[in-house]
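According to TrEMBL, the protein has these features:
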- 1-21: signal peptide (SIGNAL)
- 258-292: domain 'EGF-like' (DOMAIN)
- 326-370: domain 'EGF-like' (DOMAIN)
- 396-432: domain 'EGF-like' (DOMAIN)
- 433-465: domain 'EGF-like' (DOMAIN)
- 482-522: domain 'EGF-like' (DOMAIN)
- 565-600: domain 'EGF-like' (DOMAIN)
- 626-660: domain 'EGF-like' (DOMAIN)
- 671-705: domain 'EGF-like' (DOMAIN)
- 804-824: transmembrane segment (TRANSMEM)
C-alpha cells in the first residue's frame, strides 16, 4: 500500500512539473481533453479528436483533421461548433488554429469562446467571447494565432450563417458553413503559473492567483480589493507587456492592426506571408525583410532560407542556383522543362515564354523560332509564306528576302517578280495586255486590269474595253445616228440594226431624207423654186422660193398673203397688221366696222361683232342707246329693271321681255322665273300659281291669310276684299258671311234663336241665352212664348219705325263696300303695270 502511494506521488510530481511548461495543454503533456462537434464527420476518420492529435498537416488527405459536410440538406444551419474540455482549468495563453488548406474560407465569421461547465449548448455569451473574425475583412488566415489569456477549462469554436450573411472572403459559402479544423494548439500553464516556461508563479497580489499568462500581470483583478491600478500593467497601443515591461510590438499583424497589448500576439491573424507567435517569421516559401519575395525552385522537399532566400540543398533540375529563380541557359517554361528554339546569333530565349527577342536564325519562324521554312517559301512577318512571283527559268525565290535573285520572267517586274509591267496586268498567272482605255491614258491596274481612276471619255465596261452607248468605231469617236425607238447603234461601224427614226436615212441615220431638215429631221422643206430640195441641215432653198413665198426657207407667205399656196389676200386687220399665213385670221382684231374670222365682213347699226359675225345687240341699253359694236355691251348702263353683261336679263323681282312684270309671292322668298314670272319651286302658303299673285279660293287679304266666310252656293269670296259676290249662305250676315243673323244659330244659321234677356244674341253654336230669357219667354232656347208678341213689344218699348231705319242703314253700308272694292282693284292694276 505504501509503495502505491509513493508511486502515485511521484507521478503527480512529474505531471505537475511537466504541466508547468508553456506547451500544448491537450497534447504535449498528455493532458488530452474531450473533443466534440455539432455535426457528424464527413468521413468516419475525420472526428472531432483529430483536431487535437498533435499533427499540423493541413491537407485533408492526411486524415488528421476534424471535418464535417456542409449540411445543405439541413434547414436549421444556424451554427456549427467544435469544443474541447480539459482535465482541469488552465491559464490558457493563446490558441494556434490550423484550418484545412482548401476549406479555410468556410471559417469566415468564426468566434472563439471559453466555458467553465462541461455541459453547454450553445455557449454564446459576450463575457466568454475571446475572438470573433470580421467577415467583411476578407478571409481568415489558414493558420490563426488567437490570444486567450484567461483561466478556463473549455474552449469552443462556433460559426454561424444567419439570414442575410455577407462577406468579402472570396470562395466562402454565405448560406452554410462546416468544421474544417486540422489542429488546435491550446498553449498555456497551470492556472497559477505564467511565462513561456511556465516556471513563474502568479503574484500573490493577483486575485485567486490568476494572472496574465504572458507577463504575470493581474489582469483578472487583485487579491486586495483596495489595490490601485498600478498593481496591473497596462501598455499603450503599439506595445505589449513583456516581463513586467511594456515593449514595442514585434511582428506584422494583419492590415497593420496593433498587437495585443497584453500578449504581443496578433488577434486578427498575421499579415500576408507572416507567421509565428508575434507574426515575426516568414511563412514557408517566402523570404526578405517584408516576406514579399517568393522562394525559387529549391530541390524537392526543401524550401529557401526565410532571410536570404537561398536554397540550402540546391535547385530542381533545369534551374540555376543560388536562388533557383531562373532557368538554365537554353531552357524555358513554368518548370524550365522546354528547350529554346533557333534564336538569332545563338542568343538565349525568354525563360518565361521561350520567345527569341532578337529574332530567329535564317529560315526559322514562330515566337519560339521552332518552325523551319521549306523550299518555295520565304520568311515574311514571322511566317513562312509562298514565293510571290515568277522568277526567271522558274528558279525559287530567296528564302530570306523573297526576291528573285536571277531576274523575272517576261512581262513581270518588281523585287518579288509579282508585278506586271506597265500596260499589262495579271490574269491566270500571266501578264496580259490591258484591254481598255483608261482616263488620261493611264495604265490599268496591274493586279485587276481595271482602270482605278475611271475610263477615258466615251469608254466603259469593267476594263474600259467598250464604247459607251451612243458612240462607235475603234476609238469610240464616232457619234451614233438617230436609230428607231432610241435603239443604240452597233458599236463597231455605227449602223442602226433596226432602222432609223422617221425622216432619217440608213444605215448611219445621221442625215435627213430629201424634203426634210433640222436637228431631228422633223421640219419639212419650204416651197423651193422649180421643185428643188432644201438643204437637209439649214433648210435653205438653193434657187429661191416659188411665187408669193418668203425667203430664206420659203415656209411663210409674203405679207398680206395666206392660204395653201399663199394666193389669197388678207382682210381688214386692225392697224394694218398682216393676217395669219395659214388661216387668214387677224390675231389683233379687225378694223372698225369689220368682222368675221378674216375681217372681211362689215357690221350694220344695232349689231356687234361676235366670233367673227355681226350679231344683234342682246340687251336694252339706257335711254334706248345702241350697244358697243365691238363688245356688245351698253357703255352708258342698262335700261330700267335690267342687268347682266349685255343688259340682257331682268333684275331680281321682275320678268317678261320688257322686264315690266312684278314677281308674285314665291315660296321661301325665291325669285320668280324672269321670262314668264313663274315661281319654279311653288308659292307661299295660300297663294296659287303659276304667278303666285292671287289667293287660293277660300282666302283673301294682303298675304292671303284671312279665310273667306260661307258664300252663297259655295262660291269663293273676293280674294282682295273677302266679300261674297252673290251674298251669304242661309242666314249668315253680310258683308263677310261669317256671323249669324238675329235670332239664328247653328252650322249654317238655320236654327232659330230664342228671345234673350237684355237683347243679347244667343250662342251661334248652341242657341242658348247666356243672360237668360226675355220676360214672357221660356224654354232651353227661350223660344216658348208666355205672352203675345204685342205684349213683348210693349214690355220692351219697341218702336215700329226701328226696323225700317235698320233696313235703310244696311243698304247704305252695302253701297259703300262696293265702292271701296272697285277702287282697290283699279289701284292694284295700276301698280302691276308700273
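Heads up, the Cβ atoms here are built off N, Cα and C, so glycines get one too.
Nobody curates TrEMBL annotations by hand; they come from automatic prediction.
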Residues of the parent chain within Cβ reach of the domain 'EGF-like' (482-522), under 8 Å, 6 or more residues beyond its termini: 466-467, 469-473, 476, 533-539
Selection from 258-292, 326-370, 565-600, 626-660, the stretch that has most Cβ pairs under 8 A to the domain 'EGF-like' (396-432): 326-370
Intrachain residues whose Cβ lies under 8 Å of the domain 'EGF-like' (626-660), provided they are six or more past its termini: 589, 592-593, 603, 605-610, 615, 617-620, 671-677, 833
Distal contacts, the domain 'EGF-like' (433-465) - CB-CB under 8 A, six or more residues away: 419-420, 422-427, 471, 476-477
Per-state residue totals over the domain 'EGF-like' (671-705) - DSSP helix, strand, coil: 0 helix, 7 strand, 28 coil
Within-chain partners of the domain 'EGF-like' (326-370) [C-beta distance under 8 Å, separation at least 6 from its ends]: 297, 316-320, 379, 382-384, 399-400
Close approaches to the domain 'EGF-like' (258-292) from elsewhere in its chain (Cβ under 8 angstroms; 6 or more beyond its ends): 93-94, 131, 133-134, 137, 140-141, 143-147, 149, 212-215, 217, 219, 234-242, 246-247, 249-252, 303-309
Contact set, same chain, for the domain 'EGF-like' (565-600): CB under 8 Å, 6 or more residues outside the stretch: 527, 546-549, 556-559, 609, 612-614, 629-630
Three-state composition of the domain 'EGF-like' (396-432), taking helix and strand from DSSP: 0 helix, 12 strand, 25 coil
